[in-house]
Amino acid sequence: MVRVYAPASSANMSVGFDVLGAAVTPIDGSLLGDVVGVEAADSFSLQNLGRFASKLPSKPRENIVYQCWERFCQELGKQIPVAMTLEKNMPIGSGLGSSACSVVAALVAMNEYCGKPLNDTRLLAIMGELEGRISGSIHYDNVAPCFLGGMQLMIEENGIISQQVPGFDEWLWVLAYPGIKVSTAEARAILPAQYRRQDCIAHGRHLAGFIHACYSRQPLLAAKLMKDVIAEPYRERLLPGFSQARQAVAEIGAVASGISGSGPTLFALCDKPDTAQRVAEWLAKNYLQNQEGFVHICRLDTAGARVLE
């Protein structure tokens, strides 16, 4: 049996709408992501396990893991009889790349099981295609970091889908999922069709400055440039308590904060462990809305998707 783990990811990172994403892993060693298992069988089957399995579609053909298997078989031009298991540990509609976790884990597991017939670029292209079935448009800002690890910048030119941007070891990512669901499609529909020139200029300045600060090793400058004029001003209304939480974490000492993906998860960047702990405690007490909510203190996951022994 092949078992593959795919980590959670935080897309957009305020400054890079649809073009930046980071894979994350809890500092306590726990796994925040999905696991897909593949083993030989006489015919295809799919079993759903894990904390959030009950939230998955009841019809197997609507399950994205089934669609990954179907698409992988199509790519190879043959049916591959396997028994697949999805351990759904990620909440759906959380802003933590839940669908990307399932897509990446499923496709990497199938590729490993079949002896790696597809290279990383082809795999990533198929991942983006399948992610697009859920969110409504092909985009790679969750699947690329989830698959490849680290902080990824979407290029989509010259045969290159994404490339890694150097992160900062001292950054701690406090991720607070309040326990409610925000549909990616709904969060995209709320955005304007056109933007003011001054917002386009500000967005370009922030993103270019952020990438420059990452390469020139200026962590505080990079954090200060993590501002969003494209999505967050419009999406805040979908997230109860977000603006108050953002103000509170800044007062505690977070160097940046924003919406993870399309929400409702909030991310807060801290450069000191004690600050991260205080931010996590405040968010656990004030931002979570039900028993399904959680807070994790994370670092960048530089490994990406990996086979579990």
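Cβ coordinates come from backbone N, Cα and C, glycine included.
Pulled from Swiss-Prot:
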type	residues	note
BINDING	Pro91, Ile92, Gly93, Ser94, Gly95, Leu96, Gly97, Ser98, Ser99, Ala100, Cys101	ATP binding site
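Listed in chain order, the extra residues whose Cβ falls within 8 Å of the Cβ center of the ATP site residues Pro91, Ile92, Gly93, Ser94, Gly95, Leu96, Gly97, Ser98, Ser99, Ala100, Cys101 are Ala8, Met90, Asn142, Gly261. In the three-state DSSP scheme, Gly93 (ATP binding site) falls into the coil class. Cβ neighbour count within 10 Å across all protein chains ranks Gly95 highest among the binding-site residues Pro91, Gly93, Gly95.
Packing around Gly97 (ATP binding site) is summarised by its Cβ count: 32 other Cβ atoms lie within 10 angstroms of its Cβ, all protein chains included. Local packing around the Cβ, expressed as the count of other Cβ atoms within 10 angstroms, is greatest for Cys101 among the binding-site residues Ser99, Cys101. Cys101 (ATP binding site) carries a helical DSSP state (H, G or I).
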